[in-house]
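Quick look at what TrEMBL lists:
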ACT_SITE  Cys18  active site, nucleophile
BINDING   Cys281, Cys427, Cys483, Cys486  [4Fe-4S] cluster binding site
BINDING   Ser328, Asp390, Asp391  Mg(2+) binding site
DOMAIN    18-262  domain 'Glutamine amidotransferase type-2'
Amino acid sequence: MSSGAPRDEFSTGLTHECGVFAAIGATEWLTGNADIAQIICIGLEALQHRGQESCGVVTSDGSNEFHIHKGMGLVKNVFNKDNIGKLRGSLGIGHTRYATRAASAAVNCQPFVVHSMHGSLATAHNGELVNCSSLRKMVLDRGVGLSTHSDSEIITQALCLIPPEGEVNGPDWPARIRHLMQLAPLSYSVVLMLKDRIYAMRDPYGNRPLCLGKILPPNYDAENEDVQPEGWLVSSESCAFLTITRYVREVLPGEIIEMTHQGVRTVDIVRRPADKQLAFCIFEYVYFARPNSIFEGQEVYSVRSHCGRQLAIEHPVEADIVGSVPESGNAAAFGYSKESKLPMGELLTKNTYVGRTFIQPTNRLRQLNVALKFSPIGTNVKGKRIILIDDSIVRGNTIGPIIKLLRRAGAKEVHIRVASPPLKYPCYMGINIPTKEELIANDLDSKSLASKVGADSLEYLSVEGLVKAVQRNIEKGADKGHCTACLTGEYPEQIPNELDW
């Protein structure tokens with residue numbers, strides 16, 4: 001979702017890109033009902049952590065008149081019984097969005113729908129095209145008008161173009177998708193809906209996640225592996241597959257999947273260059289994904305726990321108790337506690353009803369905001385030497401006020417341990433990591449940062465340690481590779497000079 005708008009100058013941490021979700025009935029469901037739309041909304045709520053600015057759903061009942069509803073805000077606020085009831089059909093796609101470069105405005109809400117000479121199509125996209133500017137120029141040069149600054153619209157319009165090899169009997173959608181994927185090597189997971197089918201695709205580097213699931217009958221036998229599915233799903237994360245749905249597998253890097261009422265099939269796999277490795281975003285494990293999601297055959301929670309164990313090996317310290325900055329640091333704190341043999345306890349409680357604040361981030365107001373979000377547990381803090389595990393430090397704006405809260409609650413010592421390496425480089429592939437100048441690790445080493453924020457010590461997990469923790473349980477012989485560009489500056493593809501960040 002790109003192009004042209006400046007980064008959010010008031011953001012204090014990392015923000016993700018988007019979540020995509022798609023569903024189709026295995027048989028022609030009654031087009032008068034809204035079961036598919038409700039399943040999509042449930043899926044989007046499970047993906048709400050991937051974007052909270054806008055959301056949308058588009059469904060089809062087999063005609064070229066798609067049913068659409070989208071708007072600004074959370075899924076539970078945008079959708080209600082009345083508007084879901086109008087989203088009739090037996091297939092549909094959905095999207096929940098956080099803006100990276102395109103402005104946070106209704107015009108940029110996805111999915112995008114266009115009407116071509118071959119009928120309507122709708123797309124939803126997670127990620128960011130690294131060569132967005134050149135693709136934008138290509139689309140404009142062919143006489144296509146664009147109404148937004150979103151690269152997701154560019155994807156939609158580019159799919160309307162006839163591929164170089166031409167077409168014989170109407171549109172060859174797999175060929176069009178393959179051509180787009182060859183033009184844009186990364187970064188994306190995309191769902192594309194036509195009137196009677198859905199295509200799902202993942203970039204050849206596997207940078208953004210995407211997985212396949214199936215809808216099971218309401219009273220299915222859990223012991224019966226051969227139960228016939230009532231439909232098929234695609235989601236950014238497997239956490240969106242809940243009680244009546246089941247995870248099947250990840251969509252392979254470069255894979256194009258076709259979903260129809262008759263079933264699911266792979267229609268093509270677009271290969272990355274032979275000299276290039278896979279580049280799955282390592283920060284999906286560190287920060288973004290829900291802990292119960294599955295990537296590369298392993299649960300995210302277990303990886304975060306391994307990160308904590310590795311952190312304890314690399315940076316031990318004498319202390320009385322281990323805790324975390326809730327909630328994404330919990331699993332790493334558990335791993336650190338296990339490895340260090342130190343007891344784990346709750347040091348901070350989080351007020352879950354505090355939403356995002358849009359106040360000018362002065363130091364005083366930031367401290368008030370942190371105090372509103374977190375409260376120390378006096379019993380576990382007073383007189384204790386504590387180890388506080390955080391998943392990452394971006395600008396370093398919030399850790400200082402948290403340490404002050406703990407000191408005021410009577411902490412004897414506060415040792416910060418960060419379950420990821422220092423962030424030093426921006427991301428051009430769909431994550432709103434601030435510019436190099438704003439990243440605190442480019443200005444202060446760990447010792448200087450500890451002094452600045454008032455910690456007795458502060459240490460990061462090493463890049464090698466993070467990769468080791470992530471790859472520990474990946475099946476032997478499996479193709480693996482992870483993008484660590486925000487940590488090392490080594491990007492999976494050369495970043496075009498035309499990028500305007």
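Glycine is treated like the rest: Cβ placed from N, Cα and C.
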Problem set entry | Neighbours of Cys281, Cys427, Cys483, Cys486 excl. site residues, C-beta within 8 Å of centre, [4Fe-4S] cluster | Asn207, Ile282, Phe283, Met429, Ile431, Ile433, Thr484, Ala485
Exercise. Using an 8 Å cut-off from the Cβ centroid of Ser328, Asp390, Asp391, can you name the remaining same-chain residues around the Mg(2+) site, in sequence order?
Worked result: Val286, Tyr287, Ser324, Val325, Gly329, Ala332, Ile389, Ser392, Val418, Ala419, Ser420
Problem set entry | Neighbourhood of Asp391 (Mg(2+) binding site), C-beta criterion under 8 angstroms, separation at least six | Val286, Tyr287, Arg304, Val325, Ser328, Gly329, Ala332, Val418, Ala419, Ser420
Seminar exercise, completed: Ranked by how many other Cβ atoms lie within 10 Å of their Cβ, the binding-site residues Cys281, Cys427, Cys486 are led by Cys281
Problem set entry | Site of maximum Cβ density within 10 Å, from recorded positions Cys18, Cys483 | Cys18
Exercise. Taking the Cβ of Asp390 (Mg(2+) binding site) as reference, which residues of that chain separated by at least 6 in sequence fall under 8 Å from it?
Worked result: Ser324, Val325, Gly329, Ile399, Ile416, Arg417, Val418, Ala419
